[in-house]
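Below: the structure, in structure tokens.
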Amino acid sequence: MTIKVGVLGAKGRVGQAIVEGVNAAEDLELVASIDRGTPLEKLVESGAEVAVDFTQPASVMDNLEFCIAHGIHAVVGTTGFDSERLAKVEGWTQKEDAGNVLIAPNFAISAVLTMVFAAQAAKFFDSAEVVEYHHPNKLDAPSGTAVHTAQGIANARQEAGLDAMPDKTEQSLDGARGADVDGVHVHAVRMQGMVAHEEVIFGTQGQSLTIRQDSYDRSSFTPGVLLGVREIASHPGLTVGLEKYLGL
């Protein structure tokens, strides 16, 4: 059975890769390409069952409210979701005949595994820091992936009953130690030539562990997005993180 898909942000760099992936899949049909100036009603008129959103933080909430209210499932790679926004989306999904929502900080399978592996490793090391690298046109810093990774590390450390990480450093310049995400330092690099990359560095007495993930092309997000499109109907309400669709 073919799943009818609409792509929001279809002319963006990631959106173009998603459109190409949907068109190449025998079990998916692209029925709507939505960009600035295109009314969201096109999703309803085309019979879209799932909408993929790679737009902007400023517009994603309106997009989600529309999709959920019209019973259209939404696979979302747009960033900018804090706890308040997530709570609002979850509330929308609880209404009768609402669409389901998958929000993932990263759809690259390698990035998802990096987050999972980092959380597993966290309890074995005294120190952990996250470094993310992106192209200079990325709008936010640190990335949602880096924040999600740091939160996973912090949660794992808390569950293991670990003390705060050792750090007696006094900053001579503000920001020298990066951002603090629940006690985990996160550093954002913006550099020409980069796409999306992350390093998680762990240290303890006499040893260290580095977990690194690299997305060299935006097509790296396509397999994860298509997995979400295929599976979202069987995951009611709001799901945050692709790892839950992977059984991790």
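Note that Cβ sites are derived from N, Cα and C of the backbone, with glycine treated the same way.
What Swiss-Prot says about this protein:
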ACT_SITE  His134  active site, proton donor/acceptor
ACT_SITE  Lys138  active site, proton donor
BINDING   Gly9, Ala10, Lys11, Gly12, Arg13, Val14, Gly77, Thr78, Thr79, Ala104, Pro105, Asn106, Phe107  NAD(+) binding site
BINDING   His135, Gly144, Thr145  (S)-2,3,4,5-tetrahydrodipicolinate binding site
Residue among recorded positions His134, Lys138, Gly144 with Cα closest to the Cα of Thr79 (NAD(+) binding site): Gly144
Candidate with sparsest Cβ neighbourhood (10 Å radius) among Thr79, Thr145, the listed binding-site residues: Thr79
Residue from Lys11, Gly77, Lys138 whose C-alpha is spatially nearest that of Thr145 ((S)-2,3,4,5-tetrahydrodipicolinate binding site), among the recorded positions: Gly77
Distance [Cα-Cα, Å, rounded] between Arg13 (NAD(+) binding site) and His135 ((S)-2,3,4,5-tetrahydrodipicolinate binding site): 12
Non-site residues, in chain order, whose CB comes within 8 A of the mean position of the CB atoms of His135, Gly144, Thr145 at (S)-2,3,4,5-tetrahydrodipicolinate: Thr79, Pro105, Asn106, Glu132, His134, Lys138, Asp140, Ser143, Ala146, Ala196
Using Cα positions only, nearest of the recorded positions to Gly9 (NAD(+) binding site) (His134, His135, Lys138): Lys138
Which same-chain residues, if any, lie at least 6 apart from Phe107 (NAD(+) binding site) yet have Cβ under 8 Å of it: Gly77, Phe221, Thr222, Pro223, Gly224, Val225, Gly228, Leu242
Largest tally of Cβ atoms lying within 10 Å of a Cβ, found at which of the recorded positions Lys11, His135, Lys138: Lys138
DSSP state at Arg13 (NAD(+) binding site), helix/strand/coil: helix
Pairwise CA distance, Lys138 (active site, proton donor) versus Pro105 (NAD(+) binding site), rounded so that it is a whole Å: 14
Lys11 (NAD(+) binding site) to Gly144 ((S)-2,3,4,5-tetrahydrodipicolinate binding site) - Cα separation in whole Å: 22
His134, His135, Gly144 screened against Pro105 (NAD(+) binding site), Cα within 10 Å - retained recorded positions: Gly144
Sparsest Cβ surroundings (other CB atoms within 10 Å) among the recorded positions Arg13, His134: Arg13
Largest tally of Cβ atoms lying within 10 Å of a Cβ, found at which of the binding-site residues Gly9, Pro105: Gly9
